[in-house]
Amino acid sequence: MIYVSGALSMWGDRMWHFAISVFLIELYGRNLLLTAIFGLVVAGSVLLLGALIGDWVDRNPRNKVAHASLLVQNISVTVCSIVLMLVFLYKQWIESIWDGWLTVVCYTVVIILADVANLASTALTIAIQRDWIVVITGYNRGHLAGMNATMRRIDQVTNILAPLAVGQVMTLASNVIGCGFILGWNLVSLIVEFIFLSRVYRIVPALSVKPPTPEDEEGVTRSVLNLKEITNLPLCFGRFRWLLSTCKDGWRAYYRQDVFLAGMGLAFLYTTVLGFDCITTGYAYTQGISGSLLSLLMGVSAITGLMGTVMFTKLRKAYGLVNTGIIS
């Protein structure tokens, strides 16, 4: 059930990330400006709010986190799809209102909703792939590695098929029908994922208990001190200070980890790779590559990622985890 719900969620994410890049290009006259703004907003919001999202996941019961993230993600994509459909259908009429400012409002709403959906997807990924799976495998590192590899394999398979499916719909039909296709998928996926995650939560009793961490006592003491200071401030300033404190604690916890340097190395690795992100997809689309062919090329690239998940399990058994990382 975890694999099925994960596959549905990943399929929706892959379709949406591919389609939104093409939609933004179409909306702005085959110009990369909207796509670039979208990429900046999405990356920047995760960078700034990542610690707050992680803190929220840690503080709340697992089932509430999963359900809330799922609802926010799917509802945001659904509403965004509806807005896009209206803009595509009535673009000329919308551009004539408020000297074109209504168009800017629509673009802003689309980007904000897409960003909210991405943040909710991030929260869901953290909750399921970094927490639920660890508990389900009973903290067994071998089982955990196998389950993570399987989830990654599912992700790569959906990366092959999902853009291909929505790309064909957008090319053979229209952008409006493409939006409708994504909208329908999200509504069906929401129901199935909600039921499956609820079922898993009931099957695994350990998920209902969050064990205390070694930092809890220190964290509680610090929180009490912070609250004493914050209560002396106006509500808005107190809330803002608490948010800044949470972000600072999150980054401090990150650089104190034993794997901090390895994580930085992985981050630098990503700066050397030209991936199929929204900018690359948008640029290729402006150069005359059809949505159908572009989705097919994305599928070809995902096949190499799928091969990597297969190689990981074999290399780990043969050479160990550290050597596998160095080889990779």
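All residue numbers here begin at 1 and follow the chain in the order shown.
Quick reminder: no glycine exception, Cβ is built from N, Cα and C everywhere.
These figures come from a predicted structure and were not determined experimentally.
If you look up TrEMBL, you'll see 32-53 (among others) marked as transmembrane segment. Counting residues 6+ beyond its ends, the transmembrane segment (32-53) has Cβ neighbours under 8 Å at 20-21, 24-25, 107, 111-112, 114-115, 118-119, 122-123, 126, 243, 246-247, 249-251, 254, 277-279, 282-283, 286 in the same chain.
Feature annotation from TrEMBL assigns transmembrane segment to 65-89 (among others). With a cut-off of 8 Å between Cβ atoms, the residues of this chain six or more beyond the transmembrane segment (65-89) that come close are 9, 12, 16, 20, 23, 26-27, 56-57, 103, 106, 109-110, 113-114, 116-117, 120-121, 123-124, 127-128, 132, 174-176, 179-180, 182-183, 186-187, 189-190, 193-194, 197-198, 201.
Within the chain, the transmembrane segment (101-120) has long-range Cβ neighbours (under 8 A, six or more residues past its boundaries) at 16, 20, 23-24, 27-28, 34, 37-38, 41-42, 45-46, 49, 53, 69-70, 72-73, 76-77, 79-80, 83-84, 86-87, 91, 94-95. Marked as transmembrane segment by TrEMBL: 101-120 (among others).
With a threshold of 8 Å between CB atoms, the same-chain residues lying at least 6 positions outside the transmembrane segment (259-285) that come near it are 17-18, 20-22, 24-25, 30, 32, 35-36, 38-39, 42, 291, 294, 297-298, 301, 325. Marked as transmembrane segment by TrEMBL: 259-285 (among others).
Using a Cβ-Cβ cut-off under 8 Å and counting only residues 6 or more beyond its ends in the same chain, the transmembrane segment (291-312) has close neighbours at 18, 22, 149-150, 152-153, 155-157, 159-161, 163-168, 170-172, 276, 281, 284-285, 324, 328. The feature transmembrane segment is assigned by TrEMBL to 291-312 (among others).
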